[in-house]
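What follows is a single structure, written as structure tokens, with notes after it.
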Ligand SMILES: O=C(CO)COP(=O)(O)O
């Protein structure tokens, strides 16, 4: 059985003091369970998070695929590795929309992260326009196919996928659990076509988009939804605790 993996994505929020008290409160309250909890933090908070967190895994929200060089403002994989970063979120729709992330850069980042032993959390998801044109599955499967180009089956197992419909991010509109399940199931079928069923069956697929303490249980009860990537609701310790300790 796949383990549930619930990560908060703090986006461009938070500070050191707030993170330290958040971790103290949350780690005390997280019940021993089979849920893996994580937090994707801004670069400046990574080291604090990694040093202070005992249970929660820490992720970066972006990285550059190049080893080093003239990329002003960017951070390399080696830099993240030096501070012991275990996960990096790549291809988030906000990065695709505002910072020029493409399927090609997502693929390059995934390949280099896997080489470095860091788990990429590969984001995909459709706009409202694509959803309304009933092209969600084609779109998302296209993103996945390109993200996994030249990645071997054994390396594919070292990745996580986050399905985040763009129209559901920060809008309060969640995909219904059933709609999210259908897309996640289609992603898994696509992985089975790219690789095989055994590989597809082992890859964690998270859902993201307005996940909160009141809808988490229903989403997590779906067969093909293996966790969540949570923005807004991960910023408050009490909500994050409720998400991790969700009622099964
Ligand atoms: O983008 C998200 C997580 O990466 C989702 O954000 P919200 O949970 O705020 O909708």
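All positions are counted from 1 along the displayed chain.
Any Cβ shown, glycine's included, is placed from N, Cα and C.
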Which of 33, 152, 210, 214 belongs with 9, 10, 11, 170, 231, 232 in the substrate site listed by TrEMBL: 210
Euclidean distance between Cα atoms of residue 232 (substrate binding site) and residue 164 (active site, proton acceptor), Å: 14
Those binding-site residues listed as 9, 210, and which of them has the most Cβ atoms within 10 Å of its own Cβ: 9
In sequence order, those binding-site residues of 9, 10, 231, 232 whose CB lies under 6 Å from ligand 1: 9, 231, 232
